Amino acid sequence: MESSTSSPQPPLSDPLDPFPQRSLEPGDIAVLVLYFLFVLAVGLWSTVKTKRDTVKGYFLAGGDMVWWPVGASLFASNVGSGHFVGLAGSGAATGISVAAYEFNGMFSVLMLAWIFLPIYIAGQVTTMPEYLRRRFGGSRIAITLAVLYLFIYIFTKISVDMYAGAIFIQQSLHLDLYLSVVGLLAVTALYTVAGGLAAVIYTDALQTLIMLVGALTLMGYSFAAVGGMEGLQEKYFLALPSNRSENSSCGLPREDAFHLFRDPLTSDLPWPGILFGMSIPSLWYWCTDQVIVQRSLAAKNLSHAKGGSLMAAYLKVLPLFIMVFPGMVSRILFPDQVACADPETCQRVCNNPSGCSDIAYPKLVLELLPTGLRGLMMAVMVAALMSSLTSIFNSASTIFTMDLWNHVRPRASEKELMIVGRVFVLLLVLVSVLWIPVVQASQGGQLFVYIQAISSYLQPPVAMVFVLGCFWKRANEKGAFWGLVLGLLLGFIRLILDFIYVEPACHQPDERPSVVKNVHYLYFSMILSSVTVLTVTVMSLLTEPPSKEMISHLTWFTRRDPVVQKAQVPAATPLPPALSHNGTAEANSASIQLETIQEGASKAHSSDVTPKQSRVVRALLWLCGMEGKSTEQAPRPAEPVLASIEENPVVKTLLDVNCLLCICCAFFLWGYFA
């Protein structure tokens, strides 16, 4: 106990006030303002530079991104403010085990580029629900999946990131939580609505650089404050809150805090769950989530997509060092606030009786860093928040527009699709803000645990349907649909039980049903996956096999099938959705109106544009990327939606060797920290 109190700790007027009289000074605010201006400048530059007046240009950045902005965007989209707050908070509460998610992600992001992406490119798909529609036929799977993705985005991504970023800004500027959220969204929504995916990727590249510089700086200050890694390992176990009851184990650091692999029955992250149960949601996130896949599809070719995945995989080594370890340092320096164990005390400290570990990272920034660097770290947190939100907004609007709206209105003009996509972003924002109070009260005050629990209940069935669709040619629509429905039904039941039977505080008896109390969410992930695979297999074998058109170019074994040339269909005759599942480059599904503005629709809507328009109308058209469209403009020639899967042999070999090195690096980290 003496070691923890002897650590450098700023004087506090009230030991339970987490941020006493501590707010940003003029120098910090100047850095933050400069950051906002810089991001807006980059966002507006990319808005002007890139082609935003087509659906492909808006949703796929024109398909001409090189490897480094793709890799930076993959990392920035993954590491949002929820990561900074959540990983540091879980590190403070339970140790390094949460870093297993990051090391696991190294394998999954490589699987995306080397295994799944060639299938998506060969099948000429641009959204994940569209892949299932082409692979299995029909529309019920794609619609179910589109609705599920939007649900997951709202309840585990957007609201979590907004809450995490708002915690930081609320504590540093002493603003109301919701006012903080609205202020952040104003800038975020502006360049997402205006610029599309290109603006998102370019600003992500900038924000990745800012995140890394700021986070590495704070890591240096953190380790210096406790005497390096040796000091951290020694003092962490002495970081106890002063008001803890001597007869209680509440508030004690875990004995296995510095181990990734933990007891299979009694620990917070059992090792079988880490090895198997964790890999399944990770596979869903990196290989089938629209937010991530959309960035890789925007690459100019498969080699650039692989380069982006390699860059993201190497960057995934860093969160343990720049987030988890600093969170543990925060517990050492500020045990009474970060490690509070009494609900009344926690309520007083952070307005959350479940626990205050989520203030670990903001606490470090505001108490440890000098003026100027505090402003830089504020910029880092805002960068993390904005990069995640813009990515999710763009991908969610892509799914809604291309998979749901296009199903309802298959003949919708390109102009209509562009407007619908942008309006949906605004609707997403509203729903997500309303969900924040539920996030605030969930999972014992550990934000990252909340995210992973919901992921383990909803994502495994989807992941298994994708895996079977990609690697088992016999899987058919009936098997995939009923496997998905049964898996999601079980997942939603467990999710509802978790919200009804909230985990009790440390000193209270646990009277929850055994299925909630004794079945860890990672084990439940394994159960869901097994049920889904069994259902898909049995139903597929009992029903008719899929046609050749549903397999060609859409599985790993058929991705290189020869393309069957078909007669050109006149542009004025749109293909109905029923003819859209042959899987070739010429297969125009309802959602692939990315290639041309249909001549008939163009003429029908040309009368809407009057020769003279007010300045307000012209400004709105520019914001939506639809300015200056001539009514006499000839239809654009058809262009391939996605790149080829062919690669330069030398570049391919170089990438493969680099991939093996990255895998060896991941295995070393697993072994060293296991």
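Along the chain as shown, residues are numbered 1 onward.
Note that Cβ sites are derived from N, Cα and C of the backbone, with glycine treated the same way.
According to Swiss-Prot, the feature topological domain 'Extracellular' maps to 1-27, 78-102, 162-180, 230-272, 330-375, 440-446 (among others). Sequence annotations record features per position, and here Swiss-Prot assigns topological domain 'Cytoplasmic' to 49-56, 124-140, 202-208, 294-308, 397-418, 468-479 (among others). Summarising the annotation, Swiss-Prot assigns transmembrane segment to 28-48, 57-77, 103-123, 141-161, 181-201, 209-229, 273-293, 309-329, 419-439, 447-467, 480-500, 654-674 (among others).
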Please tell me whether the transmembrane segment (209-229) and the transmembrane segment (447-467) touch - that is, whether there are at least 3 C-beta pairs under 8 Å between them, with each pair 6 or more apart in sequence. no
Counting by DSSP secondary structure, give me helix, strand and coil numbers for the topological domain 'Cytoplasmic' (294-308). 11 helix, 1 strand, 3 coil
Pairs of Cβ atoms less than 8 Å apart decide it: which stretch in 103-123, 141-161, 480-500 has the most with the transmembrane segment (654-674)? 103-123
When counting C-beta pairs under 8 angstroms to the transmembrane segment (273-293), the leading stretch of 103-123, 141-161, 309-329, 419-439, 447-467 is 103-123
When you scan the chain for residues with a C-beta under 8 Å from the topological domain 'Extracellular' (78-102), skipping those not six or more beyond its ends, what do you find? 157, 160-161, 163-165, 167-168, 211, 215, 236, 253-254, 256-260, 262, 267-269, 274, 278, 282, 285, 292, 312, 316-317, 319-320, 323-328, 330-331, 338-339, 355, 357-362, 364, 380-382, 384-385, 387-389, 444-449, 451-452, 673
When you look at the transmembrane segment (141-161) alongside the transmembrane segment (447-467), do they share 3+ Cβ pairs under 8 Å, ignoring any pair fewer than 6 residues apart in sequence? yes
In the predicted model, what is the mean pLDDT computed over the topological domain 'Cytoplasmic' (202-208)? 79
Tertiary contacts of the topological domain 'Extracellular' (230-272), defined by C-beta under 8 angstroms and 6+ residue spacing from its ends, are 1-4, 7, 15, 94-100, 103, 223, 325, 328-329, 331-332, 335-336, 339-342, 345, 505-507, 520, 522-523, 526, 670, 673-674
